[in-house]
Amino acid sequence: MAEGGAARGTREEQGKLPEQEEEEEEDPQVLLGSGHCKWFNVRMGFGFISMTSREGSPLENPVDVFVHQSKLYMDGFRSLKEGEPVEFTFKKSSKGFESLRVTGPGGNPCLGSERRPKAKTVQKRKPKGDRCYNCGGLDHHAKECNLPPQPKKCHYCQSTMHMVANCPHKIVPQHPTTSQGRYEAEPQPSTSSFQREGGGAFDYSSPSYSQEGRSELSERSSRSPQEASLSKISTSPEEQSRKGPSVQKKKK
């Protein structure tokens, strides 16, 4: 029984330990410090204090302490000026040192910074002049016009004889365009120059054939390869007699 009671006691003690640790974390030790404002962001509302004295004893190296605008003791817009002397209470947290209440020297209100956050500038459209589409007046709209419906006018010269699309006073530069809406390119010559090894250039143009030559080419291309081979084999005797002397000359 004694062993069982001892085990229960150890379990209860172990169960209380985390609770005690939480209570200690919730109630940290409040310390006193003094120093000056290192920097403060007026728009975001926070900054850091450079602590030079802790509990009345000076520090060799200044320590940074976080400060929020809600912890400042002052009236109006709460902020700190860079280099402003302050006194404060602070605590130690998992993120570092955080200030709890910040005042000026001797518990007086903080002076604060002269800077103010800039208001967001909303870009507004420029107000266009109101014009009546019926009579052209600038002090009312067409639905408020007292005149009866007026004839349509050219929006460029206010003439009733034509519309703005046919206005002779409005000059629109026109460029020649193709069917696809692109500008026509200047015609380029069909000749192409080739560079020689010696550095000169000569023009080469496509040969111009007559109608007879084109008909012969079309007939040749329409022939089958078998007909072409037969035409080579079946040559006339006149052609053979013509070729004969030339062959004899070559043999000599």
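Cβ atoms here come from the backbone N, Cα and C positions, even for glycine.
Listed in Swiss-Prot:
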type	residues	note
REGION	1-30	region 'Disordered'
COMPBIAS	9-19	compositional bias 'Basic and acidic residues'
DOMAIN	32-105	domain 'CSD'
ZN_FING	130-147	zinc finger
BINDING	CYS132, CYS135, HIS140, CYS145	Zn(2+) 1 binding site
ZN_FING	152-169	zinc finger
BINDING	CYS154, CYS157, HIS162, CYS167	Zn(2+) 2 binding site
REGION	172-252	region 'Disordered'
COMPBIAS	213-222	compositional bias 'Basic and acidic residues'
COMPBIAS	225-238	compositional bias 'Polar residues'
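Shown on the structure are the features that Swiss-Prot records.
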residue : record                : DSSP (3 states)
CYS132  : Zn(2+) 1 binding site : coil
HIS140  : Zn(2+) 1 binding site : coil
CYS145  : Zn(2+) 1 binding site : coil
CYS154  : Zn(2+) 2 binding site : coil
HIS162  : Zn(2+) 2 binding site : coil
CYS167  : Zn(2+) 2 binding site : coil
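Of all Cβ atoms in the protein chains displayed, 16 besides its own lie within 10 Å of the Cβ of CYS145 (Zn(2+) 1 binding site).
Spacing of CYS154 (Zn(2+) 2 binding site) relative to HIS140 (Zn(2+) 1 binding site) is 20 Å (Cα to Cα, whole number). Counting residues 6+ beyond its ends, the zinc finger (152-169) has Cβ neighbours under 8 Å at 136 in the same chain. The binding-site residues examined here are CYS132, CYS135; by Cβ neighbour count within 10 Å, the least packed of them is CYS135.
Sorting each residue of the domain 'CSD' (32-105) by its DSSP state yields 4 helix, 49 strand, 21 coil. Between the alpha carbons (Cα) of CYS132 (Zn(2+) 1 binding site) and CYS157 (Zn(2+) 2 binding site) lies a span of roughly 16 Å.
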